[in-house]
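Under the heading active site, proton donor/acceptor, TrEMBL lists His134. The active site, nucleophile annotation in TrEMBL covers Cys145. Positions annotated as compositional bias 'Low complexity' by TrEMBL: 35-44. Per TrEMBL, the feature domain 'L,D-TPase catalytic' maps to 62-170. The annotation region 'Disordered' is assigned in TrEMBL to 23-51. Look at TrEMBL and you will find 1-20 tagged as signal peptide.
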Amino acid sequence: MRLALVISAAAVLLAACSGAPRERALQAPPPPPSTTTTTTTSSPTPEPQPVVVPAPPCTAAVRACVSLSQNLAWLLKDGAVEYGPVPITHGKPGHETPVGTFKVAWKDAVHTSSIYGLPMPHSVFFAPGGIAFHEGPLTEPSHGCVHLSPEVAKIFFDALPVKAGVQVVA
């Protein structure tokens, strides 16, 4: 009887294993195709604008031009801009840079002010009272001189001979 019981159990198990195909696990259906499109907007690249360089306001046939109102200076040759404009600072209230047309009187590459005891590298003296182009800070006004950056002061020193014309306009 035991044997019959074991055979019956084996038959039931075999029938269960070989019966109808097993069902697969449910899978999510594939996502529907997208009906929206992604549009990227791009701003048109702006056209490059020409750089507007201020023309020198000087009227005289001079080698150097200074505009106090614009805080700019130029080197000129035969009336055309040779160099510049370059940033400058000039005289503060009570020590104004004189306006007018002058001639370079003298130059000193390693000058020290006899009044203020301050170094004035690459000095080009052009107006009465010791007024000169020279290297100086571009962040603060001077005692009447025209301050230039170190590189520009050297360029002005080399370009302006004694007797060269300088015009300073308001």
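Backbone N, Cα and C atoms are what each Cβ position is placed from, and that goes for glycine too.
Bear in mind that TrEMBL entries carry predicted annotations, made automatically and left uncurated.
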Taking only the CA atoms, the spacing between His134 (active site, proton donor/acceptor) and Cys145 (active site, nucleophile), expressed in whole angstrom, is 7
In sequence order, which residues at least six apart in the same chain have a CB under 8 Å from the CB of Cys145 (active site, nucleophile)? His90, Gly91, Thr97, Met120, Gly130, Ile131, Ala132, Phe133, His134, Gly136
Please compute the mean pLDDT of the model over the domain 'L,D-TPase catalytic' (62-170). 96
What is the number of residues in the domain 'L,D-TPase catalytic' (62-170) that are helix, strand and coil, as DSSP sees it? 10 helix, 54 strand, 45 coil
